[in-house]
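Lifted from Swiss-Prot, the feature list:
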DOMAIN    13-74  domain 'LIM zinc-binding 1'
DOMAIN    76-133  domain 'LIM zinc-binding 2'
DOMAIN    138-195  domain 'LIM zinc-binding 3'
DOMAIN    196-255  domain 'LIM zinc-binding 4'
DOMAIN    256-315  domain 'LIM zinc-binding 5'
MOD_RES   SER328  phosphoserine
Amino acid sequence: MTGSNMSECLADAMCQRCQARFAPTERIVNSNGELYHEHCFVCAQCFRPFPEGLFYEFEGRKYCEHDFQMLFAPCCGFCGEFVIGRVIKAMNANWHPGCFRCELCDVELADLGFVKNAGRHLCRPCHNREKAKGLGKFICQRCHLAIDEQPLMFKNDPYHPDHFSCSNCGKELTSDARELKGELYCLPCHDKMGIPICGACRRPIEGRVVNALGKQWHVEHFVCAKCEKPFLGHRHYEKKGLAYCETHYNQLFGDVCYNCSHVIEGDVVSALSKAWCVNCFSCSTCNMKLTLKNKFVEFDMKPVCKRCYERFPLELKKRLKKLSDLSSRKAQPKSVDVNSL
């Protein structure tokens with residue numbers, strides 16, 4: 001299509017939302033063949049632009065992620081949060097794939113299948129073990145015969161010990177064998193290999209050990225990523241796999257006000273999982289200043305005072321009540337039960 005033909009087509013085109021035509025020089029949003037004015041391409045619920053252009057469509061209307069969750073998404077039977085994307089339906093509930101796990105070994109069940117066992121959802125190995133316990137014996141997962149003596153547990157499964165040899169010395173194993181990085185060792189060999197290695201200098205740690213960031217450290221080698229001073233037992237703060245002292249953590253990652261987007265100087269109001277300047281924390285409807293002592297409800301990720309909340313439609317209050325109940329499970333500071341308003 002030539003430039004002149006395209007101009008003629010756009011001259012006759014109309015915005016999908018307001019049905020008005022487009023100015024010759026204005027920017028046009030094309031969403032799956034539908035054309036919009038830039039200011040018309042907004043969430044059908046909160047009328048705000050879609051963050052990073054991400055939206056969810058339901059019955060011909062487009063919603064931002066937050067409003068789609070609040071209006072339509074099912075709630076996970078484990079974590080209580082909204083499920084977006086793949087939903088696992090099992091045990092008369094909805095689940096995130098990562099939340100539907102064996103109740104004994106915690107392995108994900110979404111792609112493995114599960115077995116109901118006494119009202120629990122279990123993976124097949126755990127189900128088999130529970131069934132064997134009912135018989136009073138373990139079942140060897142290699143030869144599938146009953147284990148009369150103490151079993152050797154390897155990767156959470158029981159075995160006859162004489163099925164295995166030590167990965168280091170080659171001796172036949174007994175039930176007191178130990179697993180290390182997927183290999184089995186007799187107890188003497190394992191004890192020789194169990195010395196922790198420092199995450200900084202990569203040398204063995206023979207004295208006190210600091211466990212942090214998923215590694216082990218010499219006390220003097222566990223330091224602030226900025227000033228490199230040892231913490232020596234003092235509090236540290238973690239960010240993207242690095243540890244910082246309090247001073248440099250605040251300098252590098254200070255709280256930013258959700259309302260004005262400025263770094264907060266002075267007191268910080270922590271509410272609704274966000275940080276606010278004291279002067280910016282107010283009712284999003286009537287602009288009345290709020291404190292954490294006031295009763296308020298979260299709506300569109302902002303606080304709404306008690307007086308404005310009471311004017312909301314009944315159906316909206318029901319949705320907010322459900323959202324409040326889910327939030328209270330996470331023990332968020334100053335969350336308000338809408339039943340008390």
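Including glycine, each Cβ sits where the backbone N, Cα and C put it.
Here the structure is a predicted model, which means the values were calculated and not measured.
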Checklist entry - Given pairs 6 or more apart, does the domain 'LIM zinc-binding 5' (256-315) have at least three Cβ pairs under 8 Å with the domain 'LIM zinc-binding 1' (13-74)? => result yes
Next on the checklist: Is it possible to list how many residues within the domain 'LIM zinc-binding 3' (138-195) are helical, extended or coil according to DSSP?
Outcome noted: 10 helix, 18 strand, 30 coil
Checklist entry - Could you count the residues of the domain 'LIM zinc-binding 4' (196-255) that DSSP puts in helix, in strand and in coil? => result 11 helix, 17 strand, 32 coil
Checklist entry - Residue counts in helix (H, G, I), strand (E, B) and coil for the domain 'LIM zinc-binding 5' (256-315), per DSSP? => result 6 helix, 20 strand, 34 coil
Checklist entry - Going by DSSP, how much of the domain 'LIM zinc-binding 1' (13-74) is helix, how much is strand and how much is coil, in residues? => result 14 helix, 18 strand, 30 coil
